[in-house]
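These features come from TrEMBL:
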- 1-415: domain 'Major facilitator superfamily (MFS) profile' (DOMAIN)
- 27-45: transmembrane segment (TRANSMEM)
- 52-71: transmembrane segment (TRANSMEM)
- 113-132: transmembrane segment (TRANSMEM)
- 144-164: transmembrane segment (TRANSMEM)
- 198-219: transmembrane segment (TRANSMEM)
- 247-268: transmembrane segment (TRANSMEM)
- 280-300: transmembrane segment (TRANSMEM)
- 306-335: transmembrane segment (TRANSMEM)
- 386-410: transmembrane segment (TRANSMEM)
Amino acid sequence: TVTCCTLVRLMLNFSERITMTMKEKTTFVFIARFMVAAPIFGYLGDRFNRKIILSCGIFFWSAVTLSSSFITKEYYWLFVLSRGLVGIGESSYSSISPTIIGDLFTNNSRTMMLSVFYLAIPLGSGLGYILGSSAKEAAGDWHWALRVSPVLGMTAGTLILFFVPEPKRGHADQLGGRIKHRTSWLCDMKALAKNRSYVFSSLASAAVSFATGAFGMWIPLYLFRAQVVQKTAEACTKDICSSKDSLIFGAITCVTGLLGVVIGAATTRLCRQKTERADPLVCAVSMLGSAIFVCLIFVVAKKSIIGAYVCIFIGETLLFLNWAITADILMYVVIPTRRATAVAFQGFTSHLLGDAGSPYLIGLISDALQKSYTRSVLWQFLSLGYALMLCPFVIVLGGMFFLATALFFLDDRDKAEKQGKQRRTCQGHGREIVPGFILDKKGFSLKQWKFKVNRGIVSRKQDPPL
């Protein structure tokens, strides 16, 4: 199960990064469609067969990706549309896969399996950077890269459809036989909005997304401009410039992502022996440490490119520590029948407040600074660096959100465990959901025997006949 899910995750990030590298203008369309579709698939994933929804989404994504590789320049609008459809296909997968893993494993084993799953993000993104940049520079045609990943995606989708089990929701938490009824979508959203650990960890995840989105778009250009300032490279006036910095940054992203996820899982497992708040605390410390090294990038880049790469390596490693841990926090504080919705809206929030706007915002600030002063090569370099300095402040804010998560983590985890083991209640909708019965607040007759709900306890007015 984990192998198939990881393989598909790898292909999705691989293809996504290639197209974002080749056609930056399609990024917003992709993310916008992803955000719109994710809540829908979250709703479906909490109520219907997940592996069928998952497989259909993968097949749809693969077909659209393959078709988009044959679109010519004359139909660029169609290519943009296809990227939006790819976002719909990926949202089905990203919203549902973690919940399947969450229902198969628990505690440290779940952390480890989620880590394996999230390893595909940096690996796929790094390979997308490398292959996308190489194809653009060497062949001038990146379409063939889009024709490889759909084949692997369809293979993984077939394996999921026929070989991955559909676990009962709450199976790993030994709740599979107890969950008989599900609350409404509106009730789920109200419960998630009141879940403080979920809200703060989602905001922290958005901070990570903000930084990674901005870095992926602008750091290679920033390092190239640094080399121009150092007179080790010439300013580019062509449409297709050297992609050496993109290749190096892609390799660093790949390696640091792998290291970050592995170190994060191992560190959390070790710290759990000392404190039950280990998950959010590890995330908070890693975020605050990452902000320090991200700041150092802009200090040393003017004099040493190698020093800048070292700071990027350490900063990204610390930043990527929390990917799998954030998903594990969600599994702890959200009951099984709400997890797909929770994952979907966490992804929605991360994109909306994160990488959907951060590249544009950084570019806007840089352009505004360039217009204010001279447009020299040095000022082009400095203005982009000043704009990117927004990222470490956002990362620190994300660390604060993780510290806030640590304050409420134990209470929210205990509440989720109690809700899973006891009856589920949806206030404000005129009914309470109890295993085996759906009762009006005023009580109603079931086979001539009356029941009523009094402070969450079902009581009989008279005994049934033997």
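Glycine is no exception: its Cβ is also placed from the backbone N, Cα and C atoms.
Beyond its flanks by at least six residues, the transmembrane segment (52-71) meets 8, 12, 15, 19, 41, 44-45, 78-79, 82-83, 85-86, 88-93, 96-97, 100, 143-144, 146-147, 149-151, 153-154, 156-158, 160-161 of its own chain at Cβ-Cβ distances under 8 Å. Same-chain residues lying 6+ beyond the ends of the transmembrane segment (386-410) with a Cβ under 8 Å from its Cβ atoms: 196-197, 200-201, 203-208, 210-211, 214-215, 218-219, 222, 276-277, 279-281, 283-285, 287-288, 290-292, 294-295, 298, 319, 322, 329, 332-333, 358, 361-363, 365-366, 369. Highlighted: of the candidate stretches 144-164, 280-300, 306-335, 306-335 has the greatest count of Cβ pairs under 8 Å to the transmembrane segment (247-268).
Listed as Cβ neighbours of the transmembrane segment (280-300) (distance under 8 Å, sequence separation of 6 or more from its ends, same chain) are residues 197, 201, 204, 207-208, 211, 219, 264, 267-268, 271, 307-308, 311-312, 314-316, 318-319, 321-322, 325-326, 329, 385, 388-389, 391-393, 395-396, 398-400, 402-403, 405-406, 409.
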